[in-house]
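J.: According to TrEMBL, the record shows the following:
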BINDING   GLY17, PRO18, SER19, GLY20, THR21, GLY22, LYS23, SER24, SER25  ATP binding site
DOMAIN    13-227  domain 'Cytidylate kinase'
REGION    185-207  region 'Disordered'
Amino acid sequence: MRISVSAKPAVVVAIDGPSGTGKSSTSKAVAARLGLAYLDTGAQYRAITWWMLHHGVDVADPAAVAAAAATPDVVSGTDPQAPTITVDGTDVAAPIRGPEVTGAVSAVSAVPAVRERITELQRSIAAEATAGIVVEGRDIGTTVLPDADLKIFLTASEEVRAARRSGEIGRRGAEGVATTRADLARRDAADSSRAVSPLAQAGDATEVDTSHLTLDQVVDCVVTLVEDRKRPVS
Ligand SMILES: Nc1ncnc2c1ncn2[C@@H]1O[C@H](COP(=O)(O)OP(=O)(O)O)[C@@H](O)[C@H]1O
Ligand SMILES: Nc1ccn([C@@H]2O[C@H](COP(=O)(O)OP(=O)(O)O)[C@@H](O)[C@H]2O)c(=O)n1
């Protein structure tokens, strides 16, 4: 009798949700704890946006963005302890977090040619992650990896999200938080209403409201869900 030993299947975890719900922090920690790779898809959209701005492409003109979409070479490093992002070999980890990119990224990411390019890249990175991967974004569970083993949709109140993001970017006081809250609301509205793969919760995703949970509690919750859902070794 021939006994076939199949490799343990890799686990693919999709974590989606709006800004400030804790996607990046949670995904990195879950991946590190479980020995999985980590992909920040928002960083990829930010990187292509940075490239457009850097090369003088009019980001308000979808045709101009589409015409340039195939040119930049976006490369993501998927170690959750030290994720990296480069465009045409330039490390853009810092500039992609600046206000210019944040203000333009929703317009660029709404262009179908950009989404096609980046979605293809995301699928190939996930396919190559032999140990498994946590992929975070807006459309991972609905569009990029609809067959993910586990889909999580993180939420949190607008108030909490604005306070978290303000703390992160050093905006102080009630006025600072109100400005951040308006920025987040604008970006969420744009991301949720675009025609191609908008920010949306997959029907089979588990929703986790992080408003009143510590990061450790959220990580524990997701790790437990991953452990429960891992496909059995056959
Ligand atoms: N459960 C939590 N409780 C408190 N702060 C959190 C929690 N999750 C994330 N944060 C903080 O909120 C900010 C935004 O988190 P981040 O993971 O970048 O969110 P997202 O990727 O959804 O935009 C960061 O400063 C992070 O440290
Ligand atoms: N899968 C994804 C991930 C991000 N994005 C876009 O990229 C932007 C930046 O994503 P991000 O995850 O870095 O944003 P934050 O939640 O960190 O603020 C979002 O506002 C979306 O416009 C997307 O369209 N699809």
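Glycine too: its Cβ is placed from the backbone N, Cα and C atoms.
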J.: Average the pLDDT scores across the domain 'Cytidylate kinase' (13-227) and report the rounded value.
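T.: A mean pLDDT of 96 is what the model gives the domain 'Cytidylate kinase' (13-227).
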J.: Quick one: which residues besides GLY17, PRO18, SER19, GLY20, THR21, GLY22, LYS23, SER24, SER25 have a Cβ within 8 Å of the ATP site's Cβ centroid, in sequence order?
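T.: After dropping the recorded site residues, what remains is THR26, LEU154, ALA156, ARG161, THR210.
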J.: Could you tell me what the rest of the chain brings near the region 'Disordered' (185-207), counting residues at least six beyond its ends with Cβ under 8 Å?
T.: 14, 16-19, 102, 105-107, 109-110, 112, 115, 119, 138-139, 141-144, 146, 150-155, 158, 225
J.: Determine the binding-site residues, out of GLY17, THR21, SER25, lying near ligand 2 in the sense that the CB is under 6 Å from one of its atoms, and give them in sequence order.
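T.: Those binding-site residues that pass the cut-off are none, since no Cβ is under 6 Å from ligand 2.
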J.: Counting other Cβ atoms within 10 Å of each residue's Cβ, which of the binding-site residues SER19, THR21, SER25 comes out lowest?
T.: SER25
J.: Could you tell me how many residues in the region 'Disordered' (185-207) are helical, how many are strand and how many are coil under DSSP?
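T.: Helix (H, G, I), strand (E, B), coil: 9 helix, 2 strand, 12 coil.
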J.: Name the secondary structure element type, per DSSP in three states, that contains SER19 (ATP binding site).
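T.: Looking at the DSSP assignment, SER19 (ATP binding site) belongs to neither helix nor strand, so coil.
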